[in-house]
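This structure is in structure tokens; I'll ask about it shortly.
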Amino acid sequence: MAAQIIDGKAIAAKVRERIGSTVSTLKEQGITPGLAVVLVGDDPASRVYVGMKKKMCIELGMYSADHELPSTTTEAELLALIGQLNADSRVHGILVQLPLPDHIDTDKVLEAISPDKDADGFHPYNVGRLMIGKPTFQPCTPYGVMVMLDEIGYDLKGKEVVVVGRSNIVGKPVALMCLSRHATVTICHSRTKDLPDVVRRADVVIAAVGKAEMVKGDWIKPGAVVIDVGINRVGEKKLVGDVEYAAAAERASAITPVPGGVGPMTIAMLLQNTLESAQRKVKTV
Ligand SMILES: NC(=O)C1=CN([C@@H]2O[C@H](COP(=O)(O)OP(=O)(O)OC[C@H]3O[C@@H](n4cnc5c(N)ncnc54)[C@H](OP(=O)(O)O)[C@@H]3O)[C@@H](O)[C@H]2O)C=CC1
Ligand SMILES: Nc1nc(=O)c2c([nH]1)NC[C@@H]1CN(c3ccc(C(=O)N[C@@H](CCC(=O)O)C(=O)O)cc3)C=[N+]21
């Protein structure tokens with residue numbers, strides 16, 4: 001049976017529509033949710049993402065503040081900008097696009113962002129909240145994966161989830177979110193033994209490795225759900241995921257495509273986090 005294709009583009013559009021109407025209500029109360037995006041250097045892919053974020057912010061009626069800095073920006077200059085954005089009452093969410101140039105200490109920068117404006121959910125305070133099961137800002141990509149599973153009505157309780165990849169921005173947080181929904185979770189990485197056999201146990205496979213089509217179709221248990229977070233450029237223009245899509249789609253019950261899967265959800269959830277931040281502020285003033 002052909003797999004259901006989980007249309008991230010369509011689900012993201014739905015999420016944005018909901019955000020848009022809540023933004024209108026907030027504006028009537030005199031609050032415009034605002035997102036600041038900081039880009040250091042001129043990585044072309046980063047530029048594309050930053051452009052998409054800005055466009056969507058404006059479409060939804062949010063305030064958008066963009067800061068594009070040269071790659072020669074010092075750590076002190078970047079920290080000073082973050083200090084300004086922390087203090088700026090128009091800004092409810094701050095995102096510093098990663099990766100940063102090598103001469104800048106990424107951890108230091110992420111920790112400088114006020115935890116109550118941390119739209120990426122990367123600050124140790126928010127990571128800790130997620131760890132103890134009391135999330136405030138949830139990292140966008142894993143949050144988007146959860147919304148996709150909700151959208152297809154998939155209940156994780158008691159299911160075997162195998163996450164391939166253990167990064168702080170995808171693998172670890174997505175594993176914690178599945179755990180909090182009562183899945184039995186295995187996290188794999190570059191030193192995992194017999195990866196194909198581990199993946200074969202999975203009711204849900206979440207691939208976040210960054211290696212084109214490394215998860216093979218015949219590793220997928222028939223009927224499993226496949227979430228492909230990977231974005232790999234092959235050749236000039238083509239994008240592929242971390243999963244061998246065509247072969248996996250023959251066995252899976254549902255699968256996310258690349259492009260048009262998890263990627264668009266990430267941006268939608270960034271806007272959602274900014275909105276939630278503005279809403280929390282309304283409650284405290
Ligand atoms: N769709 C979206 O919105 C987003 C997509 N991405 C994409 O997701 C992918 C992963 O990103 P990210 O988490 O940042 O990547 P990282 O490079 O930070 O992490 C990759 C992980 O994969 C593991 N790994 C590498 N090789 C293997 C292997 N042969 N077998 C098993 N595990 C392996 C690494 O293991 P170890 O820890 O042992 O080194 C590491 O834990 C990338 O393609 C990225 O572009 C990322 C963010 C958002
Ligand atoms: N502080 C920070 N937060 C991030 O969330 C962050 C980051 N830095 N650095 C880079 C990664 C990557 N990332 C993506 C977001 C959207 C798509 C996306 O929308 N992709 C489209 C394709 C877009 C294209 O054609 O290039 C899709 O999958 O359909 C992809 C990747 C966010 N990241």
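Count begins at 1; order follows the chain as displayed.
Using the three backbone atoms N, Cα and C, a Cβ is placed for every residue, glycine included.
TrEMBL annotations: computationally assigned, not manually curated.
What TrEMBL records for this protein is below:
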- GLY165, ARG166, SER167, ILE231: NADP(+) binding site (BINDING)
- 6-120: domain 'Tetrahydrofolate dehydrogenase/cyclohydrolase catalytic' (DOMAIN)
- 139-281: domain 'Tetrahydrofolate dehydrogenase/cyclohydrolase NAD(P)-binding' (DOMAIN)
Measuring CB to CB from SER167 (NADP(+) binding site), give everything in the same chain under 8 Å that is also at least six residues away in sequence.
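Those within reach of SER167 (NADP(+) binding site), by Cβ under 8 Å and sequence separation of 6 or more, are ALA208.
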Given the binding-site residues GLY165, ARG166, ILE231, which one is most crowded in terms of C-beta atoms within 10 angstroms?
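The largest 10 Å Cβ neighbour count belongs to GLY165.
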Summarise the domain 'Tetrahydrofolate dehydrogenase/cyclohydrolase NAD(P)-binding' (139-281) as counts of helix, strand and coil residues per DSSP.
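Helix/strand/coil tally for the domain 'Tetrahydrofolate dehydrogenase/cyclohydrolase NAD(P)-binding' (139-281): 58 helix, 28 strand, 57 coil.
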Mind computing the max CA-CA distance among GLY165, ARG166, SER167, ILE231, which the record assigns to NADP(+) binding, rounded to whole Å?
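Largest Cα to Cα distance for the NADP(+)-binding set is 16 Å.
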What does DSSP give as the helix, strand and coil breakdown of the domain 'Tetrahydrofolate dehydrogenase/cyclohydrolase catalytic' (6-120)?
60 helix, 19 strand, 36 coil
Measure from each Cβ of the binding-site residues GLY165, ARG166, SER167 to the atoms of ligand 2 and list the residues where some distance is under 6 Å.
none
For the domain 'Tetrahydrofolate dehydrogenase/cyclohydrolase NAD(P)-binding' (139-281), provide the mean pLDDT of the predicted model.
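Taking every residue in the domain 'Tetrahydrofolate dehydrogenase/cyclohydrolase NAD(P)-binding' (139-281) and averaging pLDDT yields 98.
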